[in-house]
Amino acid sequence: MVRRAFSLLLILALAGIFFSILKGWTPMTELSGVARDYVANEKEQLGAMNLVTAIVVTYRGLDTLGEVTVLFLAASGVAVLLRRKRDEAAATVKIKRAASEIVTTGASLLSPFIVMFGAYIFLNGHLSPGGGFQGGAVIASAVLLLFLAHPDYKLKHAVLNIIESFSGFAYVLVGLLGLFLAGGFLDNRFLPLGHFGSLLSAGAIPVIYVLIGLKVGTELATILENMKGRAL
Amino acid sequence: MILGVALVLIGFWGLISRKNMIKMILGLAIAETGLQLIMVTIGYIDGRTAPILDGAVNTLLAVRQVVDPVPQALVLTAIVIGVAVNALMLTFVIRLYQKKQSLNISDYKDLKW
Amino acid sequence: METIMIILLALVMLAAALATIHMKNMISAILAAGVVSLFASVLYLLMAAPDVAMTEAAIGAGLSTVIFLLAFKKTRDEEVENG
């Protein structure tokens, strides 16, 4: 009872803090300084149609590199903690009920198209809403569909590992190219900016976003596979 | 804005008051959603359109026509990191469960004295 | 019109969040948390943030719900095996 009262008190204190912040809040009517600069000069500087993409990949590129690192660490943490012991893997050969034929055929037929849709999303990340993270999540959901349809579906770990490490390495490499050939680390202007609004425009932004998409997709798929384990 | 604050409060209430560890992580996830909602609301300007420079937005007048893209970029990263961290926490829960066969947080008192 | 929609979405989200905390059945609670994420993504779309809406729908509502369900299934399975 004391514990409950104490937690209620804590929540009320938090509510008080939020309320005092909320009282002084008025909706913005103008863009703030940094944002105004980004919006006004982005077309000449980077040439990407989607401003959010431009900020994520270039203006705040270092943050995104750090984020991908966090994702990688989380994925490896999950893999290390949930690794299967040898005897445990040998002991679990219980027969699972397979999904019906319609489900398995449909899943096998559908998943390549889902992967293609994910690739479409991250290829067009600089033109329309979407990008590496969304496309990666869509690819991971294709993997999830395969897992649901085939209970003992195995991922090809070697291929996944190669894709993941290659894209991580190439991401840093593209950033270093920007450092040497253009203004700074992760600068996208060492490739021509191209025609504004076409697929091959905005310098290196599509390249970086494709790499991010591959990396996020493989990492989320690995997390899903490890979480699945033998439970499903 | 008020909704975001309310979600944060509900989430923390869940985090503190529940004993089931998966419920606690769910509470944390809801608080996360609330915080992200607050951040997007801060960047929203009434009557403006999304920060994409297509035909609907005059490029020269873009400063007056689009909402603030910086909080949106931040929230984008926050969501992805959030799900990775949730997965890591759930992994710890699974390992703890394999040790003691219990999801109740009160059963884990090894570090108390 | 838009204001009414936002208020409706907000009410549903609050109800789903409370349901998440108070439901006894764990699977319903996880699905309610997924509902919160889904409506949050609709709300992002109304607030002119299509990128964030897409991420929230794909990752928040889709993947994280599945991860929670898998973790729950995993803890349940062990229970059955160990009597």
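Glycine is no exception: its Cβ is also placed from the backbone N, Cα and C atoms.
Looking up the ranges A:45-63, A:64-82 in TrEMBL, the one annotated as transmembrane segment turns out to be A:64-82. Sequence-distant contacts of the transmembrane segment (A:102-123), counting only residues of its own chain at least 6 positions beyond either end whose CB sits under 8 Å from a CB of the stretch, comprise 130-132, 134-139, 141-143, 145-146, 148-150, 199, 206, 209-210, 212-213, 217. Model confidence over the domain 'Na+/H+ antiporter MnhB subunit-related protein' (A:102-220) is summarised by a mean pLDDT of 75.
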